[in-house]
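> The following feature annotations were taken from Swiss-Prot:
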type	residues	note
ACT_SITE	D151	active site, proton donor/acceptor
BINDING	N12, E38	Mg(2+) 1 binding site
BINDING	D151, N153, H248	Mg(2+) 2 binding site
Amino acid sequence: MTVLKIISWNVNGLRAVHRKGFLKWFMEEKPDILCLQEIKAAPEQLPRKLRHVEGYRSFFTPAERKGYSGVAMYTKVPPSSLREGFGVERFDTEGRIQIADFDDFLLYNIYFPNGKMSEERLKYKLEFYDAFLEDVNRERDSGRNVIICGDFNTAHREIDLARPKENSNVSGFLPVERAWIDKFIENGYVDTFRMFNSDPGQYTWWSYRTRARERNVGWRLDYFFVNEEFKGKVKRSWILSDVMGSDHCPIGLEIEL
């Protein structure tokens, strides 16, 4: 039996978090796979030591727009293939999608859109959700096991944010967004963190504006999901809430293969 440790983190700028000790943390944590969201850089804008980390293969999927969005993956064992989109141009150009084939499972590293900016962006977010669900269902229905990680930009239930009442009309906790997560789960996917932890006060994002983190006024926006058939392989799912450097903290998953 092999235990695989996967970490997911919205770093809110890879160059910024690098200046705050990212590589030291990475080398101490030693995940088998590290998925990053919101890297805000193309590979050529990154220092060499971020592009080439000893013992890892790295894959960068930047947005076409400079300094925006983008996802990355560092992995000890290279995937047999890596797909960077759903085949829908308006979603695939924003650097939000990596789908890596590790033979035993497909790993989706996704930075889901934020719907706060405008009605138009909320519509884009919901359409992105549906394109993702269609893609992951197709893979799962063909017999693949899947792990989905990343920043979903939505808190699912009242337990998943500190102030649900005040935020019921705010994107990130709108009924329509929460209903999509319900639908996702009904399609046969499991929120792995809630397999192990049913406590309130468990968050992964805190606003920079109001010293929210020291008061733990946060939201749980980052998730590891697996398909129902694969959940027996999940040994642990946790939040690394003491890791600083971004407005999000990392989350972890251990699976036994």
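Cβ coordinates come from backbone N, Cα and C, glycine included.
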> Whose Cβ, among the binding-site residues N12, N153, has more other Cβ atoms within 10 Å than any of the rest?
N153
> Using DSSP, would you call N12 (Mg(2+) 1 binding site) helix, strand or coil?
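SS state of N12 (Mg(2+) 1 binding site) = coil.
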> Hey, how far is N12 (Mg(2+) 1 binding site) from N153 (Mg(2+) 2 binding site), Cα to Cα, in Å?
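Between the alpha carbons of N12 (Mg(2+) 1 binding site) and N153 (Mg(2+) 2 binding site) there are 13 Å.
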> List the other residues in this chain whose Cβ sits within 8 Å of the Cβ centroid of the Mg(2+) 2 site residues D151, N153, H248, in sequence order.
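Checked against the 8 Å cutoff, the neighbours are N10, Q37, E38, Y111, F112, N114, G150, F152, T204, W205, L221, D222.
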> Specify the count of other C-beta atoms within 10 Å of the C-beta of E38 (Mg(2+) 1 binding site).
27
> Given H248 (Mg(2+) 2 binding site) and D151 (active site, proton donor/acceptor), what distance in Å do their CA atoms have, once rounded to a whole number?
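With distance taken Cα to Cα, D151 (active site, proton donor/acceptor) is 9 Å from H248 (Mg(2+) 2 binding site).
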